[in-house]
């Protein structure tokens, strides 16, 4: 987990550097990607801090343990909420395609991201405010020092957010199919291209939901049924895929974006490959 946290922090730091030093990447969509990268960066640092507190800090410090746990809670909460915000943004960009760019201003997105982060920071402060099991070890969950009741609340909340994301992506699929059919009817000669674009969009949705589900759902369900008496190896074996989601997020949401790819090529070698596709994205690309 410590090694994974180091890799997560480094990868997401690269995403933030690209977004920060590229003036053209200032659209609301990139702000949401930046929020996700920042959350995953803090999650990686939280994993390293948790390792240091548990195994390197002697004598153990309750305040340091609670702070490290709070950092992890806040970071992973912000990561999941950022993924939900990106999903909502993609849905609105298709559902309100004509008015999206005028209504979805940068200031509005900044306010929503700030509100989301304040909520997640509040979640991270809960262990420090007394919502912990350090005084009663029998009430500890697998997410020590989080209590079993609080871990169950977090797991149920996560499952509800995942269900909401799935519902939104199903709506995105319907809208994308409808757009592709309308374009195909108007321009039959590009129907094949639109079908290819729609299939690409559906594969992207499958990648997003499949990765998110495989990484997080086993750990969330385990948090509901297990407690601190369960062997730690089970917890670590399920927590590792969940943390790897923060390692995969930059690949799905950042490095696959053509604008970020261009910035990376310019930063690394000062040029853009001639094979780089400049095809404009359509609504069917989701």
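Any Cβ shown, glycine's included, is placed from N, Cα and C.
Copied over from TrEMBL:
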- 11-253: domain 'G-protein coupled receptors family 1 profile' (DOMAIN)
- 30-57: transmembrane segment (TRANSMEM)
- 63-86: transmembrane segment (TRANSMEM)
- 106-131: transmembrane segment (TRANSMEM)
- 151-170: transmembrane segment (TRANSMEM)
- 202-221: transmembrane segment (TRANSMEM)
- 233-255: transmembrane segment (TRANSMEM)
Confidence summary (mean pLDDT) of the domain 'G-protein coupled receptors family 1 profile' (11-253): 84
Dominant neighbour of the transmembrane segment (30-57) in 151-170, 202-221, 233-255, by Cβ pairs under 8 Å: 233-255
